[in-house]
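Everything below concerns the one structure shown next.
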Amino acid sequence: MKVSVLITLAVLGVMFLLTSAEERGSDQMDSPAWLKSMEIIFQSEERECRWMFGGCTTDSDCCEHLGCRWEKPSWCAWDGTFRK
């Protein structure tokens, strides 16, 4: 839910910037710095651990008690441990 709200806000922000740039008659938008700051928000969401059957490249990509299976395509699976 949090991700969908952030995506919606990002889309609305980009639409606002596009329409305001058109109204000013400007061909150059001053939004690349703003878009790069939004990129950081989405990277923080993507850096969360991967759940069961999520794609992975190393064991550290997967959540606790999951490990990366190396079959193609790679995916997170239970590593046989239990929570204490």
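Cβ coordinates are placed from backbone N, Cα and C, and glycine is handled just like the others.
Between CYS56 and the candidates CYS63, CYS68, Swiss-Prot annotates a single disulfide bond, the one to CYS68. Matching Swiss-Prot disulfide entries to the candidates CYS63, CYS76 identifies the partner of CYS49 as CYS63. Spacing of CYS68 (disulfide bond) relative to CYS49 (disulfide bond) is 11 Å (Cα to Cα, whole number). Nearest by CA distance to CYS49 (disulfide bond), out of the disulfide-bonded residues CYS56, CYS62, CYS76, is CYS62. Long-range Cβ proximity for CYS63 (disulfide bond), meaning a same-chain Cβ under 8 A and a gap of 6 or more residues, is found for CYS49, ARG50, TRP51, CYS76.
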